[in-house]
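**Q** What follows is a single structure, and I will ask about it in a moment.
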């Protein structure tokens, strides 16, 4: 198939591909055919011009070239020669480049300060960012979504742990209840067979219920009235008998010391009203006047 041939072509080496191209077995569009090979040029005039430019005696501030020898490794305390650095070791090779560049900077900075060339960026310097605001906004949104996803996964992990712990506690409670039930049934069977003369779980329940009753009674006795009740008792007193306080008794019925005959038979001085008229001069009512008319007829 085509996919199989593509995978086979991709696994071929350069020499095999060149041979296949020479035989015309490669598909069109996968290569570019050159009409003729580029001709080699020996531009001696251009090379001499470049050499003359290199040989110009310009000031160091125009060239900024620093040449150093092998830099001593501060850890190994040995010169990093070309023989000492393994070119196949990426870390060792990059560290040698880093030490060489650091040493060159340390040598060039004093010379620049001597020439009064500024080496620090001013505080009000604004450089154009390599990435646009839209790209930074996308990066910010991606970081935010990633953080939210991590928070959601952490919450889900905590919920799973809580559910697992709740199931564990529930299982332990059920197992304890089953064990207590089994012990109670065994005790009842022993009591029925006559192997035991008492039931321990009943005694435990009675003692616990008695203890709860005693505790509640002691709480009630110790508690007493609340602060509001105590304040009202202090302000108004404890009161007294309210219902039936005006009923006659045998002693009050026999006590006639406060009896006044004039007041009882309305023979005393007439009582005046607010207007100053006596009660005896009061005009009879409508019903009394009608009775008097009937008597007159």
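Placed from the backbone N, Cα and C atoms, the Cβ positions cover glycine too.
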**Q** Tell me which of 144-170, 171-197 corresponds to the region 'Disordered' entry in TrEMBL.
**A** 144-170
**Q** With DSSP helix as H/G/I and strand as E/B, how many residues of the compositional bias 'Basic residues' (158-167) fall in helix, strand and coil?
**A** 10 helix, 0 strand, 0 coil
